[in-house]
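Trainee: Handing you this structure, nothing more for now.
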Amino acid sequence: MKLALIASLAGSAAAFTSAPVKSSSALYMSETPTAVEETVEETVVAIEEEIVVVEEPKYMTINGWTADENKPLYGLPGAIAPLGFFDPLGFSKDVELTGAKRLREAEIMHGRVAMMATVGYLIGESTPTITYGMDVHHTIANNQIPEVPGTVLFPFFLAINISEALRASRGWVEPGMGPVFTLRENYYPGDIGFDPLGLKPNDAEGFVNMQNREISNGRLAMFAAAGMCVQEQINGKGILENLGF
Ligand SMILES: *[C@@H]1O[C@H](CO)[C@@H](O)[C@H](O)[C@H]1NC(C)=O
């Protein structure tokens with residue numbers, strides 16, 4: 001910057017030199033403006049580069065993911081082969097970032113519940129005496145729950161209530177503290193911090209792989225759990241019974 005100032009002063013001084021020295025300064029003058037221009041240009045470029053470095057990123061990076069408006073669902077994982085990004089009804093089209101995160105949060109949570117439901121179905125029907133401490137005669141999709149006494153069910157519902165309350169406080173903006181129905185800016189959908197075995201990878205690529213596996217298993221489990229409900233309601237038999245066990 002100092003250099004640019006000196007150069008421009010030299011340029012203007014040369015411009016005001018009197019007539020007699022004009023001829024001798026002609027050569028000087030013809031070169032000086034380009035040198036000044038170059039210096040000014042270099043200075044401007046240098047300042048611009050500095051501005052770019054200082055600029056804040058628009059979206060924060062969480063678990064190696066930075067929202068990208070140009071990618072489907074802001075570049076969140078889950079576009080898995082063979083279908084790739086699959087959204088024929090366009091649920092995620094034109095949604096804002098918070099809407100996209102909410103869709104993924106719902107998908108992950110439904111997937112997790114369905115994975116537990118699928119396993120729970122088989123356990124609840126094959127070993128009810130261990131699961132409930134009593135024998136039950138109905139299948140799960142055909143009134144098993146009313147058959148189980150409230151004293152047994154209460155701990156289950158309490159556990160759901162507590163875990164849902166924890167999830168809400170981790171992931172969601174408190175009512176009255178901002179827009180309602182909004183996930184926190186620094187919350188990654190599904191990352192409620194529950195990882196007792198320390199399985200969460202630290203690198204971005206490993207995290208995406210694990211996300212893709214969880215999402216795949218969750219999607220499969222949603223179909224499986226729905227299929228089990230429908231199957232039991234069609235013929236009234238338990239799933240293992242249907243399979244011939
Ligand atoms: C937990 O149960 C209480 C009492 O019924 C209820 O007010 C609260 O909304 C429940 N919390 C969640 C997250 O379901």
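Quick reminder: no glycine exception, Cβ is built from N, Cα and C everywhere.
What TrEMBL shows for this protein is this:
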type    : residues                              : note
SIGNAL  : 1-15                                  : signal peptide
BINDING : Ser92, His110, Glu214, Arg219, Gln231 : chlorophyll a 1 binding site
BINDING : Glu107                                : chlorophyll b 2 binding site
BINDING : Arg112, Glu174                        : chlorophyll b 1 binding site
BINDING : Asn217                                : chlorophyll a 3 binding site
Trainee: The record names Ser92, His110, Glu214, Arg219, Gln231 as the residues that bind chlorophyll a 1; what is their largest Cα to Cα distance in Å?
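Mentor: The widest Cα-Cα gap among those binding residues is 31 Å.
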Trainee: For the C-alpha pair, I'd like the distance in angstrom between Ser92 (chlorophyll a 1 binding site) and the residue listed as 'chlorophyll b 2 binding site', rounded off.
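Mentor: Taking the Cα atoms only, Ser92 (chlorophyll a 1 binding site) lies 12 Å from the residue listed as 'chlorophyll b 2 binding site'.
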Trainee: Between Gln231 (chlorophyll a 1 binding site) and Arg112 (chlorophyll b 1 binding site), how far is it from one CA atom to the other, in Å?
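Mentor: That separation, Cα to Cα, works out to 21 Å.
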Trainee: Where does Arg112 (chlorophyll b 1 binding site) sit in the DSSP three-state scheme?
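Mentor: Note: Arg112 (chlorophyll b 1 binding site) is helical by DSSP.
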Trainee: Could you state the CA-to-CA distance between Arg112 (chlorophyll b 1 binding site) and Glu214 (chlorophyll a 1 binding site) to the nearest Å?
Mentor: 8
Trainee: Translate the DSSP assignment of the residue listed as 'chlorophyll b 2 binding site' into the three-state scheme.
Mentor: helix
Trainee: Need the DSSP three-state call for Gln231 (chlorophyll a 1 binding site) to compare against my parser.
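Mentor: In three-state terms, Gln231 (chlorophyll a 1 binding site) counts as helix.
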Trainee: In sequence order, what residues of the same chain, 6+ apart, have a Cβ less than 8 Å from the Cβ of His110 (chlorophyll a 1 binding site)?
Mentor: Gly218, Met222
Trainee: Compute the C-alpha separation of Glu107 (chlorophyll b 2 binding site) from Arg219 (chlorophyll a 1 binding site), stating it in Å without decimals.
Mentor: 8
